[in-house]
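Per Swiss-Prot, the features are as follows:
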| type | residues | note |
| --- | --- | --- |
| BINDING | His74, His85, His87, Cys93 | Ni(2+) binding site |
Amino acid sequence: MSAEKISISLPKELYRELEDFIIRKGIPDRSKIFQIALRNYLDENRDGNEIIYGIINLVYDHEEASEALTEIQHEYNDSIISTLHLHVSEKICIEAIAVKGEKRKLVELNNKLGQIRGILKARLLISFPYEKT
């Protein structure tokens, strides 16, 4: 893989925090941390009509949210690839919804899910499939 070298400036406190993290985790390559962080930042800030993949992570009270959750999932079934459902307790569930579609539509789906009564957490993790060069 060809690479470009760049130089960056960090506030001292952020630099110290980074160095402490690298030592604690035994990370041999500082560049890899920046590559991952930059890809994540770029993914989160892509245009709204690009096709992306993602996971919507939900934590919810199934007694309050299940019916509305199912309705919205059926409304967006063209964007939903798969779901994984976990029972955490008698009341609380976690759901991971794998999605693909235009970013703006997936953000809209995540926002709608987050408005359902009983949803405690709704978070869209965006992934853009990078080709290794």
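Even glycines carry a Cβ here, placed using N, Cα and C.
Taking the features listed in Swiss-Prot, we show where each one sits on the structure.
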residue	record	DSSP (3 states)
His74	Ni(2+) binding site	helix
His85	Ni(2+) binding site	strand
Cys93	Ni(2+) binding site	strand
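Other C-beta atoms found within 10 angstroms of the C-beta of His74 (Ni(2+) binding site) number 9, with every protein chain shown included. Applying an 8 A CB threshold to same-chain residues 6+ apart, the list for Cys93 (Ni(2+) binding site) reads Leu58, Val59, Tyr60, Asp61, His62, His85, Leu86, His87.
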